[in-house]
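S.K.: As annotated in Swiss-Prot:
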- Y151: phosphotyrosine (MOD_RES)
- 169-210: region 'Disordered' (REGION)
- 182-192: compositional bias 'Basic and acidic residues' (COMPBIAS)
- 223-237: compositional bias 'Polar residues' (COMPBIAS)
- 223-443: region 'Disordered' (REGION)
- Y248: phosphotyrosine (MOD_RES)
- Y337: phosphotyrosine (MOD_RES)
- Y486: phosphotyrosine (MOD_RES)
Amino acid sequence: MPLVKRNIEPRHLCRGALPEGITSELECVTNSTLAAIIRQLSSLSKHAEDIFGELFNEANNFYIRANSLQDRIDRLAVKVTQLDSTVEEVSLQDINMKKAFKSSTVQDQQVVSKNSIPNPVADIYNQSDKPPPLNILTPYRDDKKDGLKFYTDPSYFFDLWKEKMLQDTEDKRKEKRRQKEQKRIDGTTREVKKVRKARNRRQEWNMMAYDKELRPDNRLSQSVYHGASSEGSLSPDTRSHASDVTDYSYPATPNHSLHPQPVTPSYAAGDVPPHGPASQAAEHEYRPPSASARHMALNRPQQPPPPPPPQAPEGSQASAPMAPADYGMLPAQIIEYYNPSGPPPPPPPPVIPSAQTAFVSPLQMPMQPPFPASASSTHAAPPHPPSTGLLVTAPPPPGPPPPPPGPPGPGSSLSSSPMHGPPVAEAKRQEPAQPPISDARSDLLAAIRMGIQLKKVQEQREQEAKREPVGNDVATILSRRIAVEYSDSDDDSEFDENDWSD
């Protein structure tokens, strides 16, 4: 049904009942028709005033917009004509301080509303009957709904359409989120292909170059070929040959290199350092051929040995600092190297379980009781690191002064005082009881974690702000639905906990 915006009254000129007692009926009808025409002319003039008033307002708006546009054009023309790029330079600060121009297109929304209703329509609306005053019952309702909306609700159809559009938009968003999760699950359950192992062609050709009789052991070649992983770790076969050097040793430092360092063994009065076939037999008895050959290759003489230092009196503890020794070297080899010639050796030393147990760290090896001074072979006992142990020896004959102590290393502080297992363990137990020390790195880590939490809260607030309806009009709702349908990424998805995890 078309809405009549302007209606000229009266619509009928000659229709009307004549009053009784009129002698001249023709004259009465003529006068009433003329009066109706005058009323129509007055109504027409009123509508004309409204029409020209609206035209004037529209023209005034166009004039104001044209003037503002002309002012901007004039200012731009002045800047363009007077700008000299060789002399005047635009600073980056000025560019960043000013916002770029953005056109704001205002779409026509809610054309038929109470604010935009024209005057003639407002007059017609005011002439209609008023609805019953049902709004006075609103305070007595439990659901707090407006009582008048049950009788007449101008926004009923719009609210119904809005609810339907928002529901469709939410359904599409959930469908896209479900498809995204399905793709993620399908991507994680795909078959994992096995990576082919790399072949060492050079090693194979080197093995083929040997004759079958001279070819190395097959087990050793396989361990060399297959033992090294991508990180460079050794297999158990190859690691077994280097265990005597690597196990029970201090971390690699300049003081603990592969070359032998000067060692000063302690001897009792009248004792002679052993050398010769007996010590070699003891060495070969407890070490495999491969390990002994490896140690003979590593323990080449690099410098002449220094003389032994004078010993402390009997019953005192060894407090003189000693140079760090290479623990990959057996005591028999050390004594044999430092004493190429001398008196006949004493009887062979007692049997020890293995070469590795002789070099147990001082924290793991229990303390041994001191031997009497009359013992014929003090040095034949199971050896232990030179930084530990209590040696009860007789005063040695006067000799040259002891060598200067080596550079401070991991073992220098240990050799200055006797070591005992229980006090060190107690100190280790007391360390966790100390309060944590706050430094710059811990503060930085705490600041980073706080920043991550703040970022999570900020993103959650942004997501909540996006979920709220921006506008209550048709254009905004439709644009939001189109954006959800044609967007590739799910911008309105829930916050992912995998991002910025601790």
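Backbone N, Cα and C define each Cβ position, glycine as well.
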S.K.: Identify, among the modified residues Y151, Y486, the residue whose Cβ has the fewest other Cβ atoms within 10 Å in this structure.
M.R.: Y486
S.K.: Which of the three DSSP states, helix, strand or coil, fits Y486 (phosphotyrosine)?
M.R.: helix
S.K.: Can you give me the Cα-Cα distance between Y486 (phosphotyrosine) and Y151 (phosphotyrosine) in Å, rounded to a whole number?
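M.R.: One finds 40 Å between the Cα atoms of these residues.
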S.K.: Using DSSP with the three-state reduction, classify Y151 (phosphotyrosine) as helix, strand or coil.
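M.R.: The residue in question, Y151 (phosphotyrosine), is coil (DSSP, three-state).
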